[in-house]
Amino acid sequence: MPANNSLLIFRDEINNIDKKIVKLLAERKNLVFKIAQSKIENNQAIRDIEREKKMLQKLIFLGKKYNLKSEYITQLFQLIIEESVATQKKLLKKFCNHNKLIPANFSFLGPKGSYSHIAAYKYADLNFQKCITNECSTFEEVVLSVENNQSDYAVLPIENTCSGSINEVFDILKKTNLFIIGEINIFINHNLLTLKKIELNKIKTIYSHPQPFQQCSDFIKKFPEWKIKYTKSTADAMKKIKKYNDVTNAALGSEIGSKIYGLEILMKNLANKENNITRFILLNRNPKKISKNIPTTTTLIFTTGQEAGSLSKVLSILQEKKLIMKKLTSQKIYKNPWEEMFYIDIQVNLSSTLMQDALEKIKKITRFIKILGCYPSEKITPIAP
């Protein structure tokens, strides 16, 4: 048999196996819906981490019998579990959510076409009937509009997979009396935008917010002759390009923004990392009470005493209560350079006995502690086998 023919036969067999895999995944998803309905009826938690661990261990053991690496099985089924949890969360949210009948007003760093604008619409689409937008010029203005009852929700970016934490937002969280009530992750695809299609060497000036420049630094370094101009947001950069009407100007911005402002996309996906994701938080005047059935994040900020080992004592309390820490960030305190403020995300419902017990202990060993909010986790923490 010619080599080409045998290759086609093998590929055809793989295609048939892939079709079976997709069909089985669809069957699995149908069962997930039934499981979710049963959990809702019986008031059971969506996620059972102990069961997930046992299931994964059994699958790894089975995989070894078929000469499949444990890492491969782990990554594959963590993705399947994540999809399963997300499906159940959506169904429970639909069952519990009465907000779909009302509109909501969102403040964000504008103008239209900014990533904050995209995040506001994505969150509103999942939770409300309609999104009414309120464009702001600074993060502080975004928060003030909600504090002053001019808007219902503040949308703020808090961290990015390329450029890390957004310190300005952490500073605001220390001062505001608003609460985090939700989060949403947005895939960030920075594009090089111009008035019309031109050669890269014709560009003289490039506009954008400082974050995209940081996230696309590898690309920007290739053009040291370009003059960099910082703007209040990516949408503000696109707006300026349109207003100035100069073909030698360019901007880093979103594809949606390019359509809003009538700009051409010269190059796509310019970030240093492929998976460039920004996590946004939603703030409201009132804290949110979350069903114990839903995977939840509780966020705190605190300062410890200056004695050695203060932070490790806090972390030991979390470990003692078997609470999963999703994120820990530290910041120097202005005017007190020897002290630090810690921001921590914990995978737990604030109302749980474990968290309340942990809080009582943490309060005794910290100089300052503030609960920023308790809210549904958009992305679940992967389990370890």
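Heads up, the Cβ atoms here are built off N, Cα and C, so glycines get one too.
Swiss-Prot annotations:
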DOMAIN    105-285  domain 'Prephenate dehydratase'
SITE      THR278  site 'Essential for prephenate dehydratase activity'
REGION    286-385  region 'Regulatory'
DOMAIN    299-376  domain 'ACT'
Chain-internal residues near THR278 (site 'Essential for prephenate dehydratase activity'), provided their CB is under 8 angstroms and they sit 6+ positions away: TYR115, ALA119, PRO157, GLU159, ASN160, THR161, ASN185, ILE186, ILE188
Over the span of the region 'Regulatory' (286-385), count residues by DSSP class, listing helix, strand and coil in order. 24 helix, 42 strand, 34 coil
